[in-house]
Amino acid sequence: MFMGIMTGGANANLIVYLIQKFGMKSIDAAQVSNIVNGCINLTPVVGAIIADSYFGCFSIVAVASSIAFLGVLLFTLTASLPSLRPHQCTNATTTASCGGSGPSTSQIAVLYLALGLIVIGGGGSRFTNATLGADQFSTARDQDVFFNWYFVVFYVSSIIGSTVIVYIEDNVGWGLGLGICAAVNAAAVVVFLMGKRFYRVTEVAGSPFTGLARVVVASVVKWGVDEEGAEYYYGSKLDGGGTPSQSFRFFNRAAIQVKGDTNPDGTVAKPWRLATVEQVEDLKALIKIFPLWSSSPLLSITIGIQLSMTVLQALKMDRHIGGTFSIPPGSVTIGSLASVALTLPLLDRAVYPAFQRYMGRAPNPLQRIGAGHILNFIGMAGSALVERARLRSGPAHLTSVLWLLPPLVVVGVGEALHFPGQVGLYYQEFPEALRGTSTAMISLIVAIGFYMSTAVVGFVRRTTGWLPDNIDAGRVDKVYWMLAVVGMINFCYYVVCARLYKYQNKNKEEVGSEASDTLST
């Protein structure tokens, strides 16, 4: 909860901070924000790999959250000390337009160092913390429920950061708002460490990635080995019957024992020439799930572009409610966060049980993810219609910022379906030794999405006139239509992947899905 508040408060208003305090142009600020969002969703993958291979989840969460505190503290100083930011413009949008020289190299260096520490710390603890929480439960059903409620807390904390903290930043002071972020981060570290003796901590037996690499190497080395009548290596397990599955048969060679592969006591003599059957099957499981995973980054690309463009649209719209209160531009995106936070409990307590009563089973993860795809491109189409209406009204008649909310809500409901669905699917379908990495895979999707959204925006700027610095002179609506069309095509690809996929983990039945379930639409 506390880490979510810190990340939301420091990141949700970043575009506005860069424009107002560092004099960046609007599209450039949006690009920086996308890169930061990409990084903060990439670091959980690194943290998860290190946790799975060496130190375990608890140590990574403790160290990462401490690093995040240093980052947000330094970020607070950039807002509090005039020497750490460029000359303040009073009657202009950018520093250049009021005669300033822009931020110095040292000021940019401090800013980027602060953001980098927040990225490493806030991102590094995010999904490793989710894995640590899921490890406290023994059944797939309990783990699935945990992930749903984990994301409820995650989004609620993000809403608090994006509303309360952002309001303080915009109306009271950036130093106070970011200082509160530093305080709640410190509280998060203290509370987490106090609970150490209550956690069930999984011991790390060594890097599972080394075993997977050995499968690839051993398969290549034993290219010409005949599988007919071969004896397979099962390691220390007593199960010596059966043979590896026939899918991706090339990798089965890695588990074939030939003379000299093992010592007299049964241990492996040449580790890079022999892998266990379990390691072979683990690699196959990852290969089988990859097509499904590959259909997901586009969801994050569309969401990343929508969020950054929404902030820029809000700056050009009427943000007043009741004549006096003005919605901060960085808070507009809470429409998406709030819809996720409200939809998740509704799905868990009402929709899924009702679906099970009438259909005989709860919707499986593939169906939930597919529904999320559909709502995502519908939301993009809605954003296109709203932007077209805004452009037609003209700058003399400002459109209410509240019109931005319906498309955000639609995308948020879709996110409530596909986001936890993917985390639960990967956690239960990945090899047990890669549980930490499995939850971080969704973070990798988000990271790729934000990086690619930066690349897409850059490409659109270079090849079209849709995204000038002044979006009133551009065609953001065409960008949204482009995203909607590409999303529909990507959904078709997802349907093909989902229909071909077979659940590997029989425990999936515990959460209402049969092993042979595929997407039905």
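Placement of Cβ uses the backbone N, Cα and C atoms for every residue, glycine included.
Beyond the transmembrane segment (54-77), the same-chain residues lying 6 or more positions past its ends with a Cβ under 8 Å from any Cβ of the stretch are 3, 6-7, 10, 43, 47-48, 84, 110-111, 113-125, 128-129, 131-132, 135, 175, 178-179, 181-182, 185-186, 188-189, 192-193, 196, 199, 201-204, 207, 436. For 54-77 (among others), the entry in TrEMBL reads transmembrane segment.
Among the features that TrEMBL reports, transmembrane segment is placed at 109-128 (among others). The list of residues near the transmembrane segment (109-128) in space but at least 6 beyond its ends in sequence, with Cβ under 8 angstroms from a Cβ of it, reads 3, 6-7, 10-11, 22, 36, 39-44, 46-48, 51, 57, 60-61, 63-72, 74-75, 77-78, 84-85, 103, 423, 436, 439-440, 442-443.
Beyond the transmembrane segment (149-168), the same-chain residues lying 6 or more positions past its ends with a Cβ under 8 Å from any Cβ of the stretch are 1-13, 130, 133, 176-177, 180-181, 328, 330-331, 333-334, 337-338, 340-341, 344-345, 348, 416, 419-420, 423. Positions annotated as transmembrane segment by TrEMBL: 149-168 (among others).
The annotation transmembrane segment is assigned in TrEMBL to 174-194 (among others).
Under the heading transmembrane segment, TrEMBL lists 298-315 (among others). Within the chain carrying the transmembrane segment (298-315), a Cβ under 8 angstroms from the stretch's Cβ atoms is held by residues 15-16, 26-27, 30, 33-34, 37-38, 41, 327, 329-330, 332-333, 336, 372-373, 376-377, 379-380, 383, 387, 390, 401, 404, 407-408, 411, 414-415, 418, 445-450, 452-454, 456-457, 471, 476, 479-480, 483, 486-487, 490, all 6 or more beyond its ends.
What TrEMBL lists as transmembrane segment is 327-347 (among others). Within its own chain, the transmembrane segment (327-347) is flanked in space by residues 12-16, 148-149, 151-152, 155-156, 158-159, 162-163, 166-167, 169-171, 303, 307, 310-311, 314-315, 319-321, 401, 404-405, 408-413, 415-417, 419-420, which lie at least six positions past its ends and keep a Cβ under 8 Å from the stretch.
With a threshold of 8 Å between CB atoms, the same-chain residues lying at least 6 positions outside the transmembrane segment (440-460) that come near it are 27, 30-31, 34-35, 37-42, 44-45, 47-49, 123, 126-128, 131, 293, 296-305, 308, 419, 422-423, 426, 430, 466-467, 479, 482. Sequence annotations record features per position, and here TrEMBL assigns transmembrane segment to 440-460 (among others).
The transmembrane segment feature in TrEMBL is assigned to 480-501 (among others). Long-range neighbours of the transmembrane segment (480-501) within the same chain, counting only residues 6 or more positions beyond its ends whose Cβ lies under 8 Å from a Cβ of the stretch, are 288-289, 291-292, 294-295, 298-299, 301-302, 305-306, 309, 366, 369-370, 373-374, 376-378, 380-381, 383-384, 387, 460, 518-519, 521.
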